[in-house]
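Reading through the structure tokens given below for one structure.
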Amino acid sequence: MVLRPHSRASAVLSFLAFLTASTCVSASRSPGLPFVINTWGGAFTAATDAAYLALIADRNTSALDAVEIGCATCEKNQCDTTVGYGGSPDESCETTLDAMVMDGTSMKTGAVAGLRRIKDAIGVARAVLEHTRHSLLVGDLATNFAIENGFKEQDLTTEASKEKCEAWKRANCQSNYRLNVAPDPRTSCGPYTPLPGIDQQTLARSVMEDEGAVSHDTISMVVIHESGIMAAGTSTNGASHKVPGRVGDGPIVGSGSYVDGDVGGCGATGDGDIMMRFLPCYQAIENLRQGMSPQDAAEDVVARMLRKYPNMSSGIVVANTKGEHGGAGSGWTFTYSFRGGDMEATEVVSVPPLPRRLEERRRNTNDIPDEI
């Protein structure tokens, strides 16, 4: 099934109305507390297990502790090479890290972005939360803060990430994130200079024709302690071959993740430069607050983004305070992992792209428009 951009947009608009009126989709049943849920299966299940087992082993392990333990596991394991050191080199072949933690009771956050030469990004993010009144530190000054707080300065480049970057350069820097510059970024490496006289129509067309990020995986995790206290966090090394200095959605509160202990939590992954324009996790939690199920809340958020960017890749996972959960995505088959209650193993949920999910729904209801 192939959707033309204009038909996809109209279908999404119709689906937004359907979501508002529909009550037929319910959240996946909660396995009980404590509860851990995060973006992606595969290598990322090690993070789910680490967070869950920490909660089970010691009741004094807090929700924030579990989030840090889970995300740190992926940082150390270099999950899918998209979290932690040695992955997603920028144009200059350097790996930098973004991370964020959030407490669902106080709503306080700590985050780092463009962190250089420090492997434990999620740990530094928590130090920002616990030892400053700030929410976000960036770049070399974030590195200085990390060193002041006892973190070790290390090279984040590996032989694999160096070779990946050199191979990209040999392929004329394809693909990349440059727009409206000379030489043509579709065929050449830089250095680039901006083209003069870019009007709004040209800019809008170049953005809408964007095929999306080269890589865009993030671990975003939500934890519910057995007491009901909630926390959330994210960690990522960003997009491969990004413009140096780029920050994605991971460390942005309400975009990469968000939690309100009175309502629920959300984690996101995907085309971060697009997703941060919508604050999808904040919107998902507000959807819960308005009475939507976690599944409907996630699908509504993805549909909102597809209305403007029909070709984007995204993944959203949402859980309410009971541990009922749901997920939605676009552009790929998204997966998420969860473990809670007395579960003996992590379970991975596969989520088809939203347009395909709409097609499956249409076959079972007359409320979904036929043009999908």
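In case you wondered, yes, glycine gets a Cβ from its N, Cα and C as well.
The active site, nucleophile annotation in TrEMBL covers Thr218. Summarising the annotation, TrEMBL assigns substrate binding site to Arg246, Val247, Gly248, Asp249, Thr269, Gly270, Asp271, Gly272. The signal peptide feature in TrEMBL is assigned to 1-27.
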Binding-site residues clustered about Thr218 (active site, nucleophile) [Cα within 10 Å; pool: Arg246, Val247, Thr269, Gly270]: Thr269, Gly270
Candidate with the highest Cβ count within 10 Å, taken from the binding-site residues Asp249, Asp271: Asp249
Most crowded position, judged by CB atoms within 10 A, among Thr218, Thr269 as recorded positions: Thr218
Nonlocal neighbours by CB distance (under 8 Å) for Arg246 (substrate binding site), same chain, sequence gap 6 or more: Asp90, Gly114, Tyr177, Gly238, Ala239, Asp273
Maximum Cα-Cα separation (Å), residues Arg246, Val247, Gly248, Asp249, Thr269, Gly270, Asp271, Gly272 listed as binding substrate: 16
Cβ atoms near Gly270 (substrate binding site) (within 10 Å, other residues, all chains): 28
Cβ-Cβ neighbours of Gly248 (substrate binding site) (radius 10 Å): 28
For Gly272 (substrate binding site), the number of other Cβ atoms found within 10 Å of its own Cβ: 27
In the chain carrying Val247 (substrate binding site), residues 6 or more apart in sequence that have Cβ under 8 angstroms from it: Asp98, Ala113, Gly114, Val138, Gly238
